[in-house]
Amino acid sequence: MEQKNGSSFTGFILLGFSDRPQLELVLFVVLLVFYTFTLLGNSTIIALSHVDPQLHTPMYFFLSNLSFLDLCYTTSIVPQFLVNLSGADKSISFGGCVVQLFMSLGLGCTECILLAVMAFDRYAAVCRPLHYTVIMHPRLCALMASASWLVGFVNSLLQTVLIFLLPLCGRNKLDHFLCEVPPLLNLACVDTTVNESELFFVSVIILFIPVALIIFSYVQIARAILRIKSAVGQRKAFGTCGSHLTVVSLFYGTAIYAYAQPRNNYSQDQGKVIALFYTIVSPIINPLIYTLRNKDVKAAMKKVLSKIFI
């Protein structure tokens, strides 16, 4: 078969769940509901962090960054998925696929680093409370947040270029509901061992270095909390970290499964289910975790609602 570069395609066919047409209507309804609540939940956190002076702290600055990231992430994937679920046309343009891969990779990598930055913020709050305002200076917070976004999208640019330089030999049927690295590698008609090794190496760096920093931070936090004699003080300290730790566990569990395992162990069907979780479920769970478990956010919400309805 004559080799063609991916740029010669007019687009890709996202097979998604077309082999299970009975699921598509259910998925469309569930996805639409989840996407609506994701937009509402994350927008609420961003708005509250902006309007309530009590939330003008490093913790909520990073949380609003995370909420904005989740909004961008779901918006880069879900609308196209809804269009493909609503009819027989499962296509995505070549340019659309490139943009979707670039955005999803960039935002995913940014979240990896941002969660580590948030863990450092919790470490400073619990282990260095007297020096917290000095350590977490607004300039440092802005610098760490900016660095998270920059590193995430520089890595995404590199990965996206390397993926779309591979010859696809006329193949354009993508066994997924979004443009993602593993199914795109499966389309290549050349040996992708080097690409897979490079992806695995970068994934280990992007995933496991932040995980190591998070583990180190929480080990120090646990030691500091255990030294607190007051049970009330211990509960308060655990409460400030519990939400973040829950989000970290959910995010890294799925990300490590999707990207940090050898390709010969990768199951396409399992990959779709995992992708559904971190593209749809995780972004709606994050604001719920931070609102239901956080007294400051609930208090800010009550204050805003009382101003509206009174």
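The backbone N, Cα and C atoms fix where each Cβ goes, glycine too.
The domain 'G-protein coupled receptors family 1 profile' (41-290) scores a mean pLDDT of 85 in the predicted structure. Sequence annotations record features per position, and here TrEMBL assigns domain 'G-protein coupled receptors family 1 profile' to 41-290.
Annotation source TrEMBL lists transmembrane segment at 25-48 (among others).
Per TrEMBL, the feature transmembrane segment maps to 60-78 (among others). Within its own chain, the transmembrane segment (60-78) is flanked in space by residues 31, 35, 38-39, 41-43, 45-46, 49-50, 99-100, 103-104, 107-108, 110-111, 114-115, 117-118, 121, 138, 141, 145, 148, 178, 247, 279-280, 282-283, 286-287, 290, 296, which lie at least six positions past its ends and keep a Cβ under 8 Å from the stretch.
Residues 59, 62-63, 65-66, 69, 72-73, 76-77, 80, 92, 144-145, 147-149, 151-153, 155-157, 159-160, 163-164, 178-181, 184, 206-207, 209-211, 213-214, 217-218, 244, 247-248, 251-252, 255, 278-279 of the same chain sit 6 or more residues outside the transmembrane segment (98-120) yet have a Cβ under 8 Å from a Cβ within it. Feature annotation from TrEMBL assigns transmembrane segment to 98-120 (among others).
According to TrEMBL, the feature transmembrane segment maps to 140-166 (among others). When Cβ-Cβ distances below 8 Å are used as the criterion, the transmembrane segment (140-166) is approached by residues 5-7, 58, 61-62, 65, 98, 101-103, 105-114, 117, 120-121, 181, 184-185, 187-188, 190, 192, 195, 198-199, 202, 206 of the same chain, each at least six residues removed from its ends.
Marked as transmembrane segment by TrEMBL: 200-226 (among others).
Residues or ranges marked as transmembrane segment in TrEMBL: 238-260 (among others).
Sequence-distant neighbours of the transmembrane segment (272-292) (same chain, 6+ residues past either end, Cβ-Cβ under 8 Å): 16-17, 31, 34-35, 37-38, 41-42, 44-45, 63, 66-67, 70-71, 73-74, 77-78, 104, 108, 176-178, 180, 243, 246-247, 250-251, 254-255, 257-258, 298, 301. The feature transmembrane segment is assigned by TrEMBL to 272-292 (among others).
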